[in-house]
């Protein structure tokens, strides 16, 4: 009787082992399918958020700075740095309508603006005069100090002397003080007619 029980026990063991392997395979297959579905859902939601622009706005690390660069009519460039607390590019740019975004870096962004005005330094101490080689030039301070801000064109002094009074010409040599954009443009306009033409070679 014991001999007849042994084969039966062995059959049950093999049957149980087979069932356990089958269940394990089914569970493993089901788990891998579930993982694939979850991965696909995450990918779809990521793509969807990128299309909506949710992830297209960079998030900055601390500290964050806005570097404001300006170019003025008189040729001067200026730079100003400001700390900001906002986290996204959209939030940072909101107060700077009319500024051009130049570059984005992990800790700062650079904005630029063309100012239709004279720089503060040009308003405070700007003079038109002649350079030693006869070019109409905009100086910081009197022409004698030769702190050139901007150079324009060579003046035909013979034509200028024939058209302007000695007093007006004297002002140009000594330096004509400029206080604002209107005066700056007026002087440029006045002396443009004495611009020496470049002779063809």
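Here the Cβ of each residue, glycine as well, is placed from N, Cα and C on the backbone.
The transmembrane segment annotation in TrEMBL covers 12-31.
Taken from TrEMBL, the feature domain 'Bypass-of-forespore C N-terminal' applies to 65-113.
Positions annotated as domain 'Bypass of forespore C C-terminal' by TrEMBL: 116-192.
Per DSSP, the domain 'Bypass of forespore C C-terminal' (116-192) is made up of 37 helix, 22 strand, 18 coil. Confidence for the domain 'Bypass-of-forespore C N-terminal' (65-113), expressed as mean pLDDT, is 92.
DSSP labels the residues of the domain 'Bypass-of-forespore C N-terminal' (65-113) in these numbers: 5 helix, 28 strand, 16 coil.
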